[in-house]
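Q: Mind having a look at this structure? Questions to follow.
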């Protein structure tokens, strides 16, 4: 009886594999035979897959584990960097609101614009090393640089923004100076500046640039002087003219620069400390009136420096100056790009590409 059952099983076994045998000879397999294969083939394949990891050599297993660790570390590092940028952007946005409030109460737009400009305007494109190349690196906070002749009065700007720096200690001075400058332009009615942040500060006064890097108001050859200074920074004739348009804000004080009247009908009274001579009648409003006033030269109470007059005397400069006197929209557009470029000169960023505030 047992022999009969064994014979029956032996006879049935070939039918389970008959489809494979037939296919190997070019004959189509019966549908019922294909179905019969599935319960046999799939469990075997699954068992093979489950057993595969156990066949890794020790070195391979170690390498696989190391690779996963590196990936996890990279992911954690990227997450930390992203969180740091988000935190930095949040602090800068909060600081920007404080700057806006400061501007409302002190009307210090001109001196904050100057603060950002003079920190970045020391850049030398011919020097590659940071911070020797100068530029927007926060060095203007040190006394040795504040005492440069071109920076007369900027200690007052530092005093204005220092409480904001104390409130947000993670913001670099370099970022704070440029944030204050761009915000002052915007709050005075000027264009929105497409700013980048993440600038790194220098750490000591020994890293300050030498004196003499900034423009002089009354050189013997004004156009040549402007080109020498701005070309060193990597800026061109168009950018020289459009950036000069920021003189639509502010006044020149003779006790600081040696230029201008002690006071005029436009500066005797009004917001802020009285005195000085302004380039425009509404010297807290950012517009293209600077170019109009220089071109017309009709108001003796308004200031025109030799470097201002050069914009309409030099034939190349004049093309741009005439354009901006007629077209404020063009002035705003070109100014926004030039100001953003100036604010980045010489800067070293963390992260290297910097980051924006997105509104």
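For all residues, glycine too, the Cβ spot is worked out from N, Cα and C.
Quick paste of what Swiss-Prot says about this protein:
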TRANSIT   1-71  transit peptide
SITE      114  site 'Transition state stabilizer'
ACT_SITE  118  active site, proton acceptor
BINDING   247  heme b binding site
BINDING   248, 280, 287  K(+) binding site
REGION    251-277  region 'Disordered'
COMPBIAS  252-266  compositional bias 'Basic and acidic residues'
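Walk me through where these features lie, including what they touch and how far apart they are.
A: A helical conformation is recorded for residue 114 (site 'Transition state stabilizer') in the three-state DSSP classification. Within 10 Å of the C-beta atom of residue 114 (site 'Transition state stabilizer') sit 22 other C-beta atoms, taking all shown protein chains into account.
Residues within less than 8 Å, Cβ to Cβ, of residue 118 (active site, proton acceptor) and separated from it by at least 6 positions along the same chain comprise 140, 150, 151, 154, 214.
In this structure, residue 247 (heme b binding site) is part of a helix by DSSP. Within 10 Å of the Cβ of residue 247 (heme b binding site) there are 24 other Cβ atoms, across all protein chains.
Using a 10 Å radius centred on the Cβ of residue 248 (K(+) binding site) and all shown protein chains, the other Cβ atoms total 28.
Listed by sequence, the residues of this chain that lie at least six past the ends of the compositional bias 'Basic and acidic residues' (252-266) yet keep a Cβ under 8 A from its Cβ atoms are 152-153, 217-218, 274-279, 281, 283, 301-303, 305.
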Q: Within 8 Å of the centroid of the Cβ atoms of 248, 280, 287, which other residues of that chain place their own Cβ, given that this set defines the recorded K(+) site?
A: 245, 249, 279, 282, 283, 285, 286, 288, 289, 290, 293
Q: Among 280, 287, the binding-site residues in question, whose Cβ has the most other Cβ atoms within 10 Å in this structure?
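A: Answer returned by the neighbour count: 280.
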Q: Of the binding-site residues listed here (247, 248, 280, 287), which is spatially closest to residue 114 (site 'Transition state stabilizer') when Cα positions are compared?
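A: Its closest listed neighbour, by Cα, is 247.
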Q: Hey, how far is residue 280 (K(+) binding site) from residue 247 (heme b binding site), Cα to Cα, in Å?
A: 8
